[in-house]
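Heads up: the structure comes next, in structure tokens.
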Amino acid sequence: MADRTPPLESGQLLSPELPILASPPPSAMVNGEGPQQVILVQVNPGEAFTIRREDGQYQCITGPAQVPMMSPNGSVPPIYVPPGYVSQIIEENGVRRVLVLPQQPDFHPGGHSPLHHPPPPPHAHLPAFIPHPAMMPPPPHLYTGIAGGVGDLSSQYISQYHPAQFFSDQDSLSQHGRPSFVHRDDRASKAHERLQKKVKERQGVGGGGGQVKDSPPPSPRKSCNSPPTVDIQNGIGGKALDAEHRHVVACSDKQTGKEKNGELKGEVSDIQAREAVVNWSDPTRPESENTTTEEEPVLPEPLSYEISISITGKDGKYQSGNDFPACFKFSQVQAMCTSLLGSPSEAVSFTTLSCEPDPPGPPRKSSGTKNSLTLQWKAPCDNGSKIKNYNLQWDEGKGTGVFEQCYYGPQKQYRVTKLSPASRYSFRLAAKNDMGVSEFSEVVDLFTSCSVPLPPFPPELEMAGVTWLCLKWQRPSSSPKEDDIYYILEMEEEDSGYGFQPSYDGDELSFTVRNLHRSSKYKFRVAAYNSEGKSNPSQVVEFITKPDRPSCPCRPVIRGRVQPDSFKMAWEPPKENGGAEITKYVVELSEGVTGASWELVYSGSALEHVCGGLKPGCSYRTRVYCMSEGGQSPLSETLQVQTPAVPPGPCQPPRLVGKPKAREVQLRWGPPHIDGGSPVTCFSVEVIGPQSDESREVYQGPELDCTVGGLSPGRTYGFRRCFITLAVLSSAPPCNGAPVTEFRLEWGAAEGSMQVCYSGAGLSHEMKGLLPATNYFCRVQAVNVAGVGPYSEAVLCQTPCSVPAAVSNIYLLKESELQRYGSPVDADEDEEGGVIHPPLAFSPSTCLGICWDAPCDHGSEITSYLIDLGEKQPIVVGPVTKYVIQNLQPDTSYRIRIQAQNSLGTGAFSHTFKLKTKPLPPQPPRLECTAFSHQTLRLKWGDGPAKTAASDTLQSHLQMEDKNGRFISLYKGPCHTHKVQRLNESTSYTFRIQAFNEAGEGPFSSVYTFTTPRSPPAPLKAPKLERLDDNSCEVTWESLSHMKGDPISYSLQCMMGNTEFKQAYKGSATSFLVQNLQANSDYRFRVCAIRQCQDATELSGPYSPTVTLTPQRSETVQSGGAAGSGSRTGTESNRTRQSLTDEQCAFLLLMVFAVIAILIAFVIQYFVIK
């Protein structure tokens, strides 16, 4: 062990005068086809390779790595070899490898090669020392490896590129990211074994060949003490292995001692961009199974294998397939036997090669004119090699599918010029890197714009209505189909004075103009435009809307006296003719009081008509409507007419019933054929004596038979019959010697309060102005020259029933009464005892709630009411005194009148009452979230200012849904913003908003859902520093607990001098050892907490206050054992010199202003006032 060759130091492997080049060499150089050669310098793990770049700086490349060196003249660069080492050149598949091997002629069976186990450097916390060329001693031996020697070399030997440093696991790195030099990497041991075998074959060991010139004796073979792994960097050297070397060499039990039986060992070779060959050896059977001789031999069951790949690290997720080029991957092999699954092998790392880029997306049009197109595209995945150029091809607008190149370069946009207007061009794109050209993208068709379109033809009328006109027009014939043309339809209302105003702007060829006036003339014209400009408008055309149907005529009235068989009626024209002249009026007549069937009795342009052919004493109903070009008007109010009754027809002669007796006879008669329109209420029988023509009444009553007595036997009597109706009749009393000259009739509602209502010689009198279904009393008194006779007995008369009286008063229901009218009687109560009011069933903007006083029914119960609104058909309601009129226009006045109906007919209308609906309540505004945090949400709605006066008419009501699914009120007022506080993090909240004003409360908006973000960690206190020595210190900080199950990590940043902060540590620990500090530099440290969310996102909290580590003073350095305490003292003194916080600065300023204010007040008090 004493005479073992010393380890290879950093900086002794290659001359520091050789620069490095970042760009890769051409393919001809790599393959050795040109005058230049490529030599691979293999750097083992734990070793360093130092070179000097073109700018004069040194670069140290640590193993494991393979550094390609390029020779401009084909010679091998000089390799400085320390004492005890020799250089060996190996060429395989056109690639030369330079090996620096220890020269040990003796073989040590159990030893380890010192080349691969160097001792740790003297200062583990410092980077490898790279001496300047002037300070380096000249090398004792120089091995060139070629016949040319040193004289053929120049300073143009350059490295192809910087090889990336990959490690099989994180254990190969120290705590601060530096490679561990304590143990040797097994991947390098495996590679070293293969290379030693190559050397032996070239030297003829076991093969009979001669020894290569300048080759040292073979080095001893490395024993297998650790599970080997294969590390192939960037795919270089993978193809140089022969077939017999693609399997891992299994060490014998004698060499490994306690090696696991049946362990799988994988090896990756033949690495391509999207594929690689994985080789492994069959697992060995356990030795315990082979030593049993008594049991019968058991045939081994067939094994199957599963290969899994990971691109996220050695401990990442392994999948069965992966084809990402230029990726660092890990591979595992796992054996399976029937249902048993073996443990996976140790991960093997490798890197796939670069390849051509992925096919790019099709180019898109960013802008264009009628003669040019500007195309843009995005870069595709480069697959490990930077994209150098793009190949844009087009078909030159021919449409034949043949593409020509129109651009080739590194830009991501291109403008194609000299194109034809309104033409189609097809494009496709491909990307190119050093590995090749990708496939072309999908073909995209783009169009150039054309010139300004010509004026289109004038619009045509397709269909017309009362308040709308449907117009259509044609596309300009000169415009191609590919051009996007839009149209502007302009309209001018006759006598409006505003000129042409746009009514439509779009790409449709038809449009319906609405909200027009009836029977009005409008002018139209249309213009076309595209991206190039707007055309002149077309010729102006005029169209007229259709007239509307007229309103109903006024209620017909009676002209003259109603005759028993006819009456004359007249009416007035409607107030609104709908924009067209009335062409005719139609009169309908219905017999009876119900109006079940109506008959057309007149149609013409006159405003009066005589209805004839009626029956006396019958009730008739008549109504009128008119017609014009706009249609048929609603029906007018109904007029009820009662024809007067006429005397009954001739009486049928009475006949004897049975045989006449000596002094009496029994008579019987039939009713008259014609009653005159009034029912017969009484029959009167008069007898005429045999010797005189005078008659006397012997019977009066409703019966159809009577017995006449007091007759003389054997004489002939004559009888006659008459009828009595409801008219007041009186018969002449006996004159008592003087004729009656006057009759006085007294009439009254009560028997004791009658008054004289008639005085005259007539025997009948007609009373007018009586109330229907009312009892009246009357009596008659006769007067002659002798004086006034006595009154007759009082007679009770009852007037028949009639139509109801007119409604006297109409009232408007209040909103509270309207709500109670539309809500159920029993309101539900919530858990807290409050009443839940249902939403308004009737809106005061579209409904009118009215009530009225019930009129007198005149002896017949009221069955319904008619509510007249003027223009609409009367509304029929039941025998109620409240009603809500719906489907009205908001903010509109209506003239309302009501009439009552009973079984006898319809009464008179009430007086007209003018009522008005309220305006529509406002619609809910759009709710937006303008600012948010983990505990607050700032909501905004509407377009007004954030703060308004409380007297504003438009106000808002914001509600939020609670846990029970109910909406609670958050804000009610005129403002347009509200901040919701005391919320939970990462929680969704549901809101809705409602607007209200004097018109009422509008509907609620749709539900809006906003989610609060996660809360970041709290700020940490300033970290604590503890200096360990001149070049290292320990930084500690406080720890935070988990936030809702999310772990907390920490990020430590360090800044040296006036440079930027750089991350020094990131992890879950609460302390970190900082090494390699410069003695005369200030260092500032700060730390922040990072929340590791469950969805793989990170939330960083604010950084702590900065702590400064000042350079250690010389007195403290010279104080020997007090170094640690001195560093703490410097740190504590530095902490006292920290800058003030914002709160401290604000407090200090406030105190300064307070002192100044007190001084000013004192000066004013002392000098001015006194």
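Cβ coordinates come from backbone N, Cα and C, glycine included.
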>> I'm validating the feature mapping. Which of 1-22, 331-352, 551-572, 991-1012 is tagged region 'Disordered' in TrEMBL?
In response: 1-22
>> I'm a bit unsure how to read this: which one of 359-452, 834-920, 921-1015, 1016-1114 has the highest number of Cβ pairs shorter than 8 Å with the domain 'Fibronectin type-III' (553-646)?
In response: 834-920
> In the domain 'Fibronectin type-III' (921-1015), how many residues does DSSP call helix, how many strand, and how many coil?
Replying inline: 0 helix, 48 strand, 47 coil
> DSSP says what for the domain 'Fibronectin type-III' (455-548): how many helix, strand, coil residues?
Replying inline: 0 helix, 43 strand, 51 coil
>> Over the span of the domain 'Fibronectin type-III' (834-920), how high is the average pLDDT in this prediction?
In response: 84
